[in-house]
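Structure, as structure tokens:
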Amino acid sequence: MGSVDEERSLLEAELDQAESNGLYTGDGSVDFNGNPVLKQSTGNWRACPFILGNECCERLAYYGIAANLVSYLTNKLHEGNVSAARNVTTWQGTCYLTPLIGAVLADAYWGRYWTIAAFSTIYFFGMCTLTLSASIPALKPAECVGSICPSATPAQYAVFFFGLYLIALGTGGIKPCVSSFGADQFDDTDPNERVKKGSFFNWFYFSINIGALVSSSLLVWIQDNAGWGIGFGIPALFMGLAIGSFFSGTALYRFQRPGGSPLTRMCQVLVAAFHKRSLKVPEDSTLLYETGDKHSAIEGSRKLEHSEELKCLDKAAIVTDVETKSGGFSNPWRLCTVTQVEELKILIRMFPIWATGIVFSAVYAQMSTMFVEQGMMMDTKIGSFTIPPASLSTFDVISVIFWVPIYDRIIVPIARKFTRKERGFSELQRMGIGLFISVLCMSAAAVVEIRRLQLAKELDLVDKQVAVPISILWQIPQYFLLGAAEVCTFIGQLEFFYDQSPDAMRSLCSALSLLTTSLGNYLSSFILTLVTYFTTKGGQIGWISDNLNEGHLDYFFWLLAGLSFLNMLVYTLCASRYKQKKAS
């Protein structure tokens, strides 16, 4: 028995020496077989092309459905404007709610690699189902004859939405893991790799928008002109390519071991703190329970330093006399480590920052709903070419593709000289800039709508459900501003929730950042419902009618601009009080 312990100690000493010499990673990452990984031959940028390729193809598939979904629902399934917008935002909300499932599985049991692999398969089956529903005549309603549009049957609705929500489940397993898995390829303990990690998030979002650019331009045109069967079939093909790209890089990847259920650990802290609620927290924090060696008790996690706030939770780490005498340190429902307590504290500290992302996501949801419906009532012809209204989201993507390299290569180096920060601006500063730009975006959309309604009134088109002769290109500024806001807010969120999360909760925290998008879509649906209810009382036409020439979509946009401004003020207050995590 002694020889086994001696061999283990010798092996650990050799690994420590290798880490100190910079041969192995210092963040606990392993290779596919569970062995420590050499920095020189794994991870870093050499592994990222496979991950970025996977994300590019997967997002092309997703936006190939999402970008023009409102058009399919109104033109092919014959739904009304409000119903179609509500269905789109509800589905998109679900796509950003299901990541909680994938995140818990990844952090607790499967790891990020196998979670991505399993849910990619579900995603692919959903894409195939959707393609069949748009291709087989029996699975879709008949075309309109004049003004008579037959409704879809319950069976047709069932097949279509079954495929749609399989995609929502599949993307839920992929989305919280891919960005974290990519960031795992950079050693957190190496200053040089840590700087590259910040750059990775920029290029990760860049790859997302390359896929979105193809979807919102080429695929939207194919769907509107060549048919929805092939328009959904191409994204299904690219989802297959995404799976192939991901598996191709397996030998180069660095893996983080799953650390057990984060939800269980949080519950253990609450139960232990409640059990010891009558005890007094010692003034000396070193008296609180923590493992004696340099490794944390949580698999795949570094130790976290004690923080002074939320001391009521510290009671979970108080060592009682009974536990000292009996050596009863093995029951985590009665005694938790400082690191475990700090995990919960970090999530609580991040909550106000997280909550302010919901309103921004409600603004972002307008790109695939109200911006498209606004565009449908504008002049879509440029010479002999007709622009599909949904393809205007291309300018949002172009904006992102324009701003990401500008931010990464020009703005960050300049800002670094003034702020002395590795990444130019802190994640919190970056997110705040994005929230300010979102106010400008909704204001621009409202101004365009005011002009459109004025022209409809001048030309006596108010009572006619026809497009007003104002070019759809006037929508470009609102899309371009939204893209700039994305580069700041969404990428800032990716960085913030990865860097500030506990090591063994990174998938979960990435899912929480995505949850703001989900709740933002649900908030958009809720606001739409409230606006429709209150503005149609007493037989009024309402702000958002099926004939937008009769309504006041501009009031809706001003409402969102006002909410965004208030949200920015709350965010500024919360960000100024936020305390960064400290890991050993």
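From the backbone N, Cα and C atoms, a Cβ is placed for every residue, glycine too.
As annotated by TrEMBL, transmembrane segment applies to 113-136 (among others).
Residues or ranges marked as transmembrane segment by TrEMBL: 156-174 (among others).
As annotated by TrEMBL, transmembrane segment applies to 203-222 (among others).
What TrEMBL lists as transmembrane segment is 228-253 (among others). Within the chain, the transmembrane segment (228-253) has long-range Cβ neighbours (under 8 A, six or more residues past its boundaries) at 31-32, 41-43, 46-47, 49-51, 53-58, 60-62, 64-65, 68, 72, 76, 113, 116-117, 120-121, 123-124, 127-128, 130-131, 134-135, 181, 185, 211, 215, 219, 222.
Remote same-chain residues near the transmembrane segment (346-367) are listed as 89, 92, 96, 266, 304, 309-310, 393, 396, 428, 431, 434-435, 438, 441-442, 445, 479, 482, 485-486, 489, 493, 496-497, 500-502, 505, 509, 512-513, 515-521, 523-524, 527, 557, 560, 563-564, 567, 570-571, 574-575, 578-579, 581 (criterion: CB distance under 8 Å, separation of at least six residues from the stretch ends). The feature transmembrane segment is assigned by TrEMBL to 346-367 (among others).
Listed by sequence, the residues of this chain that lie at least six past the ends of the transmembrane segment (387-407) yet keep a Cβ under 8 A from its Cβ atoms are 67-68, 70-71, 202-203, 205-206, 209-210, 212-213, 216-217, 220-221, 223-224, 367-368, 371-373, 375-376, 378, 380-381, 472, 475-476, 479-484, 486-487, 491. Under the heading transmembrane segment, TrEMBL lists 387-407 (among others).
TrEMBL lists 428-448 (among others) with the feature transmembrane segment.
The transmembrane segment feature in TrEMBL is assigned to 479-498 (among others). Long-range neighbours of the transmembrane segment (479-498) within the same chain, counting only residues 6 or more positions beyond its ends whose Cβ lies under 8 Å from a Cβ of the stretch, are 179-180, 183, 198, 201-202, 204-205, 350, 353-354, 357, 360, 363-364, 367, 371, 392-400, 402-404, 407, 423, 427-428, 430-431, 433-435, 437-438, 440-441, 444, 506, 509-510, 512-513, 516.
Residues annotated as transmembrane segment in TrEMBL: 510-535 (among others).
For the transmembrane segment (555-574), the list of distant contacts is 352-353, 356, 359-360, 362-363, 366, 370, 431-432, 435-436, 438-439, 442-443, 445-446, 449, 527, 531, 543-544: same-chain residues at least six beyond its ends, Cβ to Cβ under 8 Å. Summarising the annotation, TrEMBL assigns transmembrane segment to 555-574 (among others).
Cβ atoms under 8 Å from those of the transmembrane segment (510-535) belong to residues 82, 85-86, 89-90, 92-97, 99-100, 102-103, 175-177, 179-180, 347, 350, 354-355, 357-366, 369, 493-494, 496-498, 501, 542-544, 552, 556, 559-560 of the same chain, restricted to positions at least 6 beyond its ends. Sequence-distant contacts of the transmembrane segment (203-222) (same chain, six or more residues past either end, CB-CB distance under 8 Å): 48, 51-53, 55-64, 67-68, 178-179, 182, 230-231, 234-235, 238, 388, 390-391, 393-394, 396-398, 400-401, 404-405, 408, 486-487, 490-491, 494. Long-range contacts of the transmembrane segment (428-448) within the same chain: residues 353, 356-357, 360, 363-364, 366, 370-371, 374, 474-475, 477-478, 481-482, 484-493, 495-496, 554, 557-558, 560-561, 564-565, 567-568, 571-572, 575, 578, each at least 6 residues beyond the stretch ends and with a Cβ under 8 Å from a Cβ of the stretch.
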